[in-house]
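Worksheet for the structure shown next.
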Amino acid sequence: MQPYHTLSRVLPFPDANQKAWWDKLGPMLLKAMQSQGYDTEAQYAQLGMVYKCVLPYLGEFPTVENDATRWKSFLCPYGIPIEPSLNISQGILRYAFEPIGPDVGTEKDPQNMNIIQDCLKGLTQHDDRIDTTLHAEFSSRLLLTEEESRQFATTGQFNFGPGQGMHGFAVDLKGSRPMFKGYFCAGIKSVVTGIPTGKLMLDAVREVDTEGRITQPLDKLEEYSANGIGKLMLCFMSVDMVNPHDARIKMYGLQQEVSREGIVDLWTLGGRVNTPTNQEGLELLLELWDLLQIPAGPRSVAISHCSVGQPPEYMLPTLVNWTLLPGHSDPMPQVYLVPFGLPDSHISDCLVTFFERRGWTDLARDYKKNLASYFPDIDFTQSRHVQEAISFSFRKGKPYLSIYMSLF
């Protein structure tokens, strides 16, 4: 804990909210980095970036007392504006966050858009490797214009529930140098324009991809998304903030009818992808699905946030993303199994069993111990919210899993 304690003694905190966020995030992120073998330089560098570039944009620190009045982020069921995750296959910690502006929810900033450029400026000043070219292209197409923002604000109250927002960032903590990507949610733009979310994003990608480098996988995804089972809905996308020729574009969807058959449909694009690698990955994905025993059935997307301090009030849809890459005719799937609402002890047991079957001895031995160290105040025999989702992908003959975690 030395880097956290050292920085806590020397860094100034301009207000109580930022100090509270630091005391919540700092120990958790540090313990996660230490458990994954980050060296001391990387620990200081990454905590320093959180202090400088993230804490000022997290808004009110969530409490039971302010839960009804604070701005709720689209990122998490509890409306928390930052969501850590751990790529346990590669030992990489990451987090996504939605910058929260000082005037959020008022007439000055009804959709929480005013702070985006200020936060982005801070990130680019911190790391000059960030390339904002594609971020700017998609911002101009998927964020509201000033006129649309005014129009939207006068049409009535919009339910800014889980998954219903505008924009966020994700940070991969690779050693001492982070990697960044931007998220764009198309739901509000769809309401304003009357254009379905999927079409908004697909059209934006085609316009930006002027050389047609990802036309093949994009065409295949568009055809599938119009016919996928389980009430599939494309809802947001992400883009790497690197040189455009090296950037990955990912399209995200929600499958509202959760089932084993739906998982197969997402992974194979309704049978359109049937390569040996795809089938090998599918076998492992279904093994994980069978272990977790997530109840099948319909899930609503028209939901409100859960209340801080209270157990989950619902279960969530299956999430998926497809990576679109030049030179790949098929979109590359990553399916998120979402056991949010099931006992955390059950989820941990299932994951350990999966690790043991893969021969991941160290991971199977340490997973529960490490998870408990990240959240020392949580009773994992009672909690049902910490391990929100488990993402699964399969690349070059290997499964890759990430665990998405709720801080509250």
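The backbone N, Cα and C atoms fix where each Cβ goes, and this holds for glycine too.
The structure displayed is predicted, hence computed values, not measured ones.
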*For the dimethylallyl diphosphate site, Swiss-Prot lists Lys181, Tyr183, Arg248, Lys250, Tyr252, Gln334, Tyr336, Tyr400, Tyr404; sort out which one of Arg94, Arg129, Arg141 goes with them.*
Arg94
*Taking residues Arg94, Lys181, Tyr183, Arg248, Lys250, Tyr252, Gln334, Tyr336, Tyr400, Tyr404, which bind dimethylallyl diphosphate in the record, the widest Cα spacing (Å, whole number)*: 21
*Sparsest Cβ surroundings (other CB atoms within 10 Å) among the binding-site residues Tyr183, Tyr400*: Tyr400
*Helix, strand or coil at Tyr400 (dimethylallyl diphosphate binding site), per DSSP?*
strand
*Which residues does Lys250 (dimethylallyl diphosphate binding site) neighbour through Cβ under 8 Å, counting only same-chain ones at least six apart?*
Met237, Ser238, Val239, Asn321, Trp322, Thr323, Leu324, Gln334
